[in-house]
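Trainee: Quick one: the structure is below, questions incoming.
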Amino acid sequence: MTIGSINLDHQVCVDILPRRGETVISRSLNQGVGGKGANQAVAAARAGARSALIGFIGDDAQSRGILERLQVLGVDVSGVIAVAGVPSGSALVVREVSGENFIVVNSGANAAGDLPLSELENAIVRAEVVVVQGELPPEVTGLVIDTAGRLGTRVVVNLAPVTSIGGAIRWADPLVVNEVEAAQLLDTVETDGVELAKQLRERVRSVVVTLGARGAVYTEGADVLHVPAPRVDDIVDTTGAGDATVGVLAAHLARGESLGRAVEHAVRAGSASVRFAGAAEGYPSFAEVVL
Ligand code: ADP
Ligand code: NA
């Protein structure tokens, strides 16, 4: 089960990113479901897991459209809560043809929702694995992790963006971050993935650090092991690659696989996702990924 952000993404594509004060014309407009929570729930479903999502949307027609899309993409949205009087979260993704981009997010309902503790507990005890990210308010993220830890349900924590969730982080099994987030969390200039994973290991149950085109490293006891990514020559869009990795990782952990096996599947899925445009809307079926 994933608890996290749900957005409507608006992606425009420009020849050159605008500078301050400049207006540029887009080549195209693509709209689709986004937000790390939604992306990861879709990725888990695409890997063949029963995937439920808890999160917050607005109570307007556009928000209902987001829910319908998520259902089409295989996600159980019965736990999504509509918040009155706010729009759903949205993200404006301005992508340059070169692949460079910038993103502006309006949190909307993601920052306005309230999750009753009893409902949270009911959902967590029913789940094999709980997945959270850093896009909901830190106190919500912290509460979810603490509740999962207290109830003995495994919790995958993708602390992206890095937010301050206090002691709750100790339950993370694994903590999944990219190299930049790992360094930020540790407040270090260290850039070596193995070293970052070793240092993070002190604070959590297990660690996965993703390394982009180089794959990922994960901790196994005192060891840090590397899973290389398959080489991809036809990269289309790396948006949501990390979310594909996290969702597929959780799907395989929920099946009872070891962290190492799950990371192997997750890395292949992340690499497969960069061959398709967009995030959730462009994920292939990860059950059949061959690279
Ligand atoms: P994030 O998107 O969160 O920054 P990464 O860039 O580390 O995460 O990417 C997550 C995963 O996606 C990697 O572990 C890898 O499997 C895959 N991936 C990302 N970029 C590439 C690439 N250029 N070539 C092949 N695989 C990639
Ligand atoms: Na993609």
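Keep in mind that glycine also has a Cβ here, set from the backbone N, Cα and C atoms.
The domain 'Carbohydrate kinase PfkB' annotation in TrEMBL covers 2-283. What TrEMBL records for Asn7, Leu8, Asp9, Gly35, Lys36, Gly37, Ala38, Asn39, Glu135, Asp243 is substrate binding site. Annotated ATP binding site per TrEMBL: Asn178, Thr210, Leu211, Gly212, Ala213, Arg214, Gly215, Gly242, Asp243, in sequence order. The K(+) binding site annotation in TrEMBL covers Asp237, Thr239, Ser273, Phe276, Gly278. Here TrEMBL flags Asp243 as active site, proton acceptor.
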Trainee: Can you check what DSSP calls Asp9 (substrate binding site), collapsed to helix, strand or coil?
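Mentor: The three-state answer is strand.
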Trainee: Measure the Cβ-based neighbour count of Asp243 (ATP binding site), defined as the other Cβ atoms within 10 Å of its Cβ.
Mentor: 30
Trainee: Near ligand 1, which of the binding-site residues Ala213, Asp237, Asp243, Ser273, Phe276, Gly278 have CB less than 6 Å from any of its atoms?
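Mentor: Only Ala213 qualify.
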Trainee: Quick one, of the binding-site residues Asn7, Asn178, Thr239, which Cβ has the fewest other Cβ within 10 Å?
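Mentor: Each of the binding-site residues Asn7, Asn178, Thr239 was scored; lowest Cβ tally within 10 Å is Asn178.
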Trainee: Among Thr239, Ser273, Phe276, these being the binding-site residues, pick the one whose CA is nearest to that of Gly215 (ATP binding site).
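Mentor: Comparing Cα positions, the candidate nearest Gly215 (ATP binding site) turns out to be Ser273.
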Trainee: Consider only the binding-site residues Gly215, Asp237, Ser273, Phe276: which of them have a Cβ under 6 Å from an atom of ligand 2? Write none if no residue does.
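Mentor: Going through Gly215, Asp237, Ser273, Phe276 in sequence order, those close to ligand 2 turn out to be Asp237, Ser273, Phe276.
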Trainee: Select one residue from Ala38, Leu211, Ala213: among these binding-site residues, choose the one with the most other Cβ atoms within 10 Å of its Cβ.
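Mentor: Sorting the candidates by Cβ neighbours within 10 Å, the top entry is Ala38.
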Trainee: In the same chain, outside Asp237, Thr239, Ser273, Phe276, Gly278, whose C-beta lies within 8 angstroms of the Cβ mean position for the K(+) site?
Mentor: Val236, Thr238, Gly240, Ala241, Val274, Arg275, Ala277, Ala279, Gly282, Tyr283
Trainee: How big is the gap, in Å, between the Cα of Phe276 (K(+) binding site) and that of Lys36 (substrate binding site), rounded to a whole number?
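Mentor: So the alpha carbons of Phe276 (K(+) binding site) and Lys36 (substrate binding site) sit roughly 17 Å from each other.
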Trainee: Between any two of Asn7, Leu8, Asp9, Gly35, Lys36, Gly37, Ala38, Asn39, Glu135, Asp243, the residues recorded as binding substrate, what is the biggest Cα to Cα distance in Å?
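Mentor: With Asn7, Leu8, Asp9, Gly35, Lys36, Gly37, Ala38, Asn39, Glu135, Asp243 as the binding residues for substrate, the largest Cα distance is 16 Å.
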